Amino acid sequence: MKWSTKQRYRTYDSYSESDLESLRKLALKSPWKSNFHIEPETGLLNDPNGFSYFNEKWHLFYQHFPFGPVHGLKSWVHLVSDDLVHFEKTGLVLYPDTKYDNAGVYSGSALAFENFLFLIYTGNHRGEDWVRTPYQLGAKIDKNNQLVKFTEPLIYPDFSQTTDHFRDPQIFSFQGQIYCLIGAQSSQKNGIIKLYKAIENNLTDWKDLGNLDFSKEKMGYMIECPNLIFINGRSVLVFCPQGLDKSIVKYDNIYPNVYVIADDFTTGSKNQLKNAGQLINLDEGFDCYATQSFNAPDGSAYAISWLGLPETSYPTDKYNVQGVLSMVKKLSIKDNKLYQYPVEKMKELRQMEQDLLLADNNIITSNSYELEVDFRQQTSTLLSLMTNEKGDSALKVEIDKENNTITLIRNYEKRLAHVKIEKMNVFIDQSIFEIFINDGEKVLSDCRVFPNKNQYSIRSQNPIKIKLWELKK
């Protein structure tokens with residue numbers, strides 16, 4: 001179905017309860033409902049937003065268009081968690097219900113401040129001429145989960161500096177001062193990151209500090225979803241540079257999600273990441289974008305990603321549902337690399353550990369499991385996951401120890417990552433996989449492997465010892 005602009009931007013109150021019930025019934029028919037990933041009840045899920053800790057709970061939002069598998073009039077759906085594994089909806093939704101966000105509640109972030117959770121997000125306004133004006137808007141949630149929007153924008157666009165591509169504010173605290181990064185396209189059509197600070201930490205009064213200096217390379221034509229976090233005294237910038245030259249970072253997806261590690265973050269005469277290293281892919285898989293990371297009150301760093309990509313269709317679209325979020329990953333730095341690994345509480349989903357010899361025979365699974373292989377004393381092999389009795393696989397993983405590579409094969413598409421492979425953990429959740437090499441040195445993710453009803457086994461070209469756990473939430 002091709003959606004017109006009018007259909008995409010129908011107001012929420014124009015849909016009846018009967019319309020919503022029909023959408024829910026259709027979505028339930030999808031054969032690929034996940035077991036331990038966050039996905040929408042109906043419609044499209046994309047960017048994770050507002051990832052934070054407040055009032056003794058983890059908070060998370062996701063961008064949502066409830067009425068179809070397309071990018072339409074967006075809102076935010078609110079979730080809370082005690083353990084970063086089990087998330088529950090609170091019923092709170094940040095709706096596009098003011099003149100400043102009448103064309104959608106776009107991405108943003110959150111920060112616990114005093115007795116409330118402060119939200120900052122991009123509100124898209126469109127007038128009768130359909131010209132877009134992006135405003136950075138604010139809201140706050142109290143300890144009773146009551147939400148109030150600020151009546152006026154916090155940051156207005158300056159079209160002498162940027163185009164209307166000016167979005168995705170990330171608020172963070174550094175050395176007692178509150179700052180905000182905003183992804184943008186400069187008036188010269190280059191990707192930039194704008195930096196602001198809250199004057200005297202007044203969250204309604206922001207000063208433009210200029211652009212963040214972190215690379216001599218041209219950052220494509222637009223930067224989305226910038227995040228700055230701090231790990232063991234180092235500064236880590238995570239962002240999505242659209243149109244990035246592939247000579248800077250090799251990537252095969254429509255848009256990359258990358259990171260850079262620096263020694264320090266400074267403001268004043270220069271707003272910069274000092275001694276910033278090279279850009280590195282955050283994920284070497286097929287579909288990972290719009291990662292949001294933040295520092296918890298104890299300083300630890302976490303991230304969660306949208307397993308999907310803009311301007312992409314999926315088999316679930318016919319059920320009027322699309323998009324999932326990754327597992328929450330804890331972040332660390334080792335040997336000047338960013339490591340990402342599922343939070344420790346994920347282990348509590350494991351059911352009955354099995355030690356198996358996997359060979360060219362089918363071991364039946366539920367397509368909801370964790371598979372672990374210690375490759376230090378084992379041979380190279382080709383793993384077939386989500387396979388049937390004939391050996392037809394939805395996903396293959398080729399481990400080449402001699403050349404230190406791992407290759408993903410999905411429907412004749414391939415992704416290649418270079419790494420000395422000692423250990424591999426594979427998480428499968430129906431149509432989703434997340435693979436972690438060496439406890440997070442490399443990550444390869446995807447939400448577009450759609451096995452048929454007969455593809456639920458695993459096999460290996462060469463015999464290897466594995467550990468296998470079914471995962472139940």
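Positions of Cβ are set from backbone N, Cα and C atoms, glycine also.
Per Swiss-Prot, these features apply:
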- ASP47: active site (ACT_SITE)
- LEU44, LEU45, ASN46, ASP47, GLN63, TYR106, SER107, ARG167, ASP168, GLU224: substrate binding site (BINDING)
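The Cβ of SER107 (substrate binding site) has 26 neighbouring Cβ atoms from other residues within 10 Å, across all protein chains displayed. The Cβ of ASN46 (substrate binding site) has 23 neighbouring Cβ atoms from other residues within 10 Å, across all protein chains displayed. Under 8 Å, Cβ to Cβ, and six or more positions away along its own chain, LEU44 (substrate binding site) finds HIS64, PHE65, GLY68, PRO69, VAL70, HIS71, GLY72, VAL321, GLN322, GLY323. Reduced to three states, the DSSP call for ASN46 (substrate binding site) is strand. Reported as a whole number, the C-alpha separation between GLN63 (substrate binding site) and the residue listed as 'active site' equals 5 Å.
Take the CB of the residue listed as 'active site' and look out to 10 A: across all protein chains shown you find 27 other CB atoms. For the binding-site residues listed here (GLN63, ASP168), the lowest count of other CB atoms within 10 A around the CB belongs to GLN63.
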